[in-house]
Amino acid sequence: MTEAVTNTGGDWLRLIVGLILVLIFSQLNALFLVWLERKVAGHIQLRYGPMEVGPHGLLQTIVDGIKLVGKELITPFKADKKLFVIAPVLVFMPVLVPFLVLPFGPELIIRDMNVGLLLIFAFSTFSVLAILVGGWASNNKYALLGAIRSVAQNVAYEIPLLLSVMSVVLMVHSFKFSELVMAQQRIWFIFLQPVAAIIYFICATAETNRAPFDIPEAESELVAGFHTEYSGMRFGLFFLAEYTNMFIVCAVATSLFLGGWHGPFGFSLGIPGVVWFLAKTYFLLFVLMWFRWTFPRVRFDQLMNFSWKVLIPLSMLNLLVTALVLKFV
Amino acid sequence: MTAVYIPALIYLAVTMGVMAVILFLSARIGRRRVTREKMLPYECGMDPLGTLEIHFPIKFYVVAMIFIIFDIETVFLYPWAVVFRDLGWFGFVEMLLFTAVILIGLVYLFRKGALEWE
């Protein structure tokens, strides 16, 4: 494909084909990730995980999804009806927009916007709002506590996340994903910015409310946190959004720190870029699931202190050192 | 110029459409039987105790306020990061001062114990 096709402003065909592919991909991805999560959990605990439906339980999540659609949508008597209905819509609404700018391959960017990275961060913050609205509207103690914790956690980890990404932006001078990835043709940024990469990944884990930072939905104390009262497909939308968000944060990590569609040190080994990209992204997703069964859940004060007292000063320091080094190089 | 962002709006609209279909299907297929127990707030199977007017620590508000300060800092830093090369040493020193002010604020918060959770 030529440069003209990649970057023209009015390429509607690309947009529509991309949209259809993204819709299919995001659903398949969520189905696959839920299956993978259960398999990884099973094998780490020396179990098999789902085995019955399909080969190695591969079709289990499809069956679960169909079952979920058939479930009753419960709205508790005292819940704030409007907000209660809006929350799952609000959480799922922004999850497909980041796919517009994610660089799956050299020619596989639907729209290579010059604010690509900012667009992703702007839309990913929606989910906090949705969690707050959902938890508040449920009229349930556990849901409210989960929502409050979630907001405090998400805002605390957003700052080091943005600061760590900024040190990469500083090196490339651009938010454009194609340029961010092209700059890593020779050497991946994880080798030049190891501190930023680690901070980013910790914060991404916290932002997606994954263990060990799954305090908003700590099942041993808060039942299911903010989505305690949700049932049927309303719960399903929270679930879908969570797994799509996991993919997005890992895809961003791949394109910012692991070279995107590039192979290691400029060797592509004849493997197409999109395969490299997806392989690295799914590896990171596997690591996220690995975390869950390796680290115990942190306490809330530890969580907040770790962000404000360690991650934020460290990421600021990393940014300043990056700026200083760039001035002298 | 704003035409660049129209694709994002289209994606939002389509996602809304997909969700409407999913929720409509779910509402139609799923059966609906209202019972008192089902519609009560879930509290592990017991009747809910007390009211929802729980008091949550004031710390959460403090965190929200601190967040705004730092979030604005990052908002200011992003454009700086993009034009960093063109600004030269002036831009570097300016941002150093700006970050130093914010960091002093952070140290002040530590000293005041605003970030202590007991």
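Keep in mind that glycine also has a Cβ here, set from the backbone N, Cα and C atoms.
TrEMBL annotations:
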- A:12-36: transmembrane segment (TRANSMEM)
- A:83-104: transmembrane segment (TRANSMEM)
- A:116-134: transmembrane segment (TRANSMEM)
- A:155-175: transmembrane segment (TRANSMEM)
- A:187-206: transmembrane segment (TRANSMEM)
- A:237-261: transmembrane segment (TRANSMEM)
- A:273-294: transmembrane segment (TRANSMEM)
- A:306-326: transmembrane segment (TRANSMEM)
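Against the transmembrane segment (A:306-326), the recorded stretches A:12-36, A:155-175, A:187-206, A:273-294 differ in Cβ pairs under 8 Å, and the greatest number is found for A:155-175.
Away from its own ends, the transmembrane segment (A:273-294) comes close to residues 33, 36-37, 40-41, 44-45, 103-106, 108, 201, 205, 208, 210-212, 214, 246-247, 250-251, 253-255, 258-263 of its chain (Cβ-Cβ under 8 Å, at least six residues beyond either end). Against the transmembrane segment (A:83-104), the recorded stretches A:155-175, A:187-206, A:237-261 differ in Cβ pairs under 8 Å, and the greatest number is found for A:237-261.
Proximity of distant same-chain residues to the transmembrane segment (A:237-261), defined by a Cβ-Cβ separation under 8 Å and at least 6 residues beyond the stretch ends, is recorded for 26-27, 29-30, 33-34, 88-89, 91-92, 95-96, 98-99, 102-106, 108, 117, 120, 124, 127, 130, 134, 165, 168, 177, 180-181, 184-185, 188-190, 193, 196-197, 200-201, 204, 207-210, 227, 230, 273-274, 276-277, 280-282, 284-285, 288.
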